[in-house]
Amino acid sequence: TDLSDFLSIVGCAKGRHNSEKPPEPVKPEVKTTEKKELPELKPKFQEHIIQAPKPVEAVKRPSPDEPMTNLELKISASPKQAPDKLKLSSGNEEDKKRLGTDEIKIGISCKNGGCSKTYRGLESLEEVCVYHSGVPIFHEGMKYWSCCRRKTSDFNTFLTQEGCTTGKHMWAKKDAGENVVPCRHDWHQTEGEVTISVYAKNSLPELSRVEVHSTLLNVHSGFEGEKEFHQNVKLWDVTDVKRIYVTMTATKIEITIRKAEPMQWASLELPAAKQQQKQKDNTTD
């Protein structure tokens, strides 16, 4: 590896000294009779061209004010739910007790939002009530119900909006939060789906609903007679609303959510700090 050592190596042949440099050997001349095409000059092995996949664009988190979708409940038939349906049909008897009288007074208005019907007698107990299941929202001069979000700036138009939900009339107003109870719920995920289980036994389909948009989930369940469960979840990432399914059994409500982008969520719900950052990013954009 050392040049000085190389120059001092003793020769391996003997002969007379020579004052002239010996001529270099002549290289044989290569003659080509025909011009080869470029493909023929390529090496004779099969080439495999590997193309890198295009980078996946991150799904932008939409505005939390987008319309909610009321999901259809797929009900698994169970004999345990039959007695509770009887309790639902006798719910007007509970209304009578709340009023503190033996009879509901003629002329009392239905307490469901958006329903203008009044009690006229026993036939009113069998009437179908068309009402708004959500709450009224007044924001930046616009007025609408959270369940169907038909926005208007005119207050009279807002009051006359036809309901989006059907059920029984409520002749007595329940005390706010009187029957709301905590309920055990859990979730698990795969790369493409999230499954949420709410363990509300003997849930009543008539008193239960699940509303979603791509980043928000609202669960309301009436179960075991008079109990109620409410849960609002700001989801960790964007979902595919068209591929969200709800199954109701005697022991639980199961919600299967399809992720808009296959990935592992760090949590079911977006933390408050990250929510603020997302809002800031959207404002900057």
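A Cβ is built for glycine as well, from the same backbone N, Cα and C atoms used for every other residue.
What TrEMBL says about a protein is an automatic prediction, not a curated fact.
For reference, TrEMBL has these:
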| type | residues | note |
| --- | --- | --- |
| COMPBIAS | 17-47 | compositional bias 'Basic and acidic residues' |
| COMPBIAS | 82-96 | compositional bias 'Basic and acidic residues' |
| DOMAIN | 110-169 | domain 'CHORD' |
| DOMAIN | 180-269 | domain 'CS' |
| REGION | 13-96 | region 'Disordered' |
Along the domain 'CS' (180-269), what average pLDDT does this model show?
87
For the domain 'CHORD' (110-169), residues assigned helix / strand / coil by DSSP:
10 helix, 16 strand, 34 coil
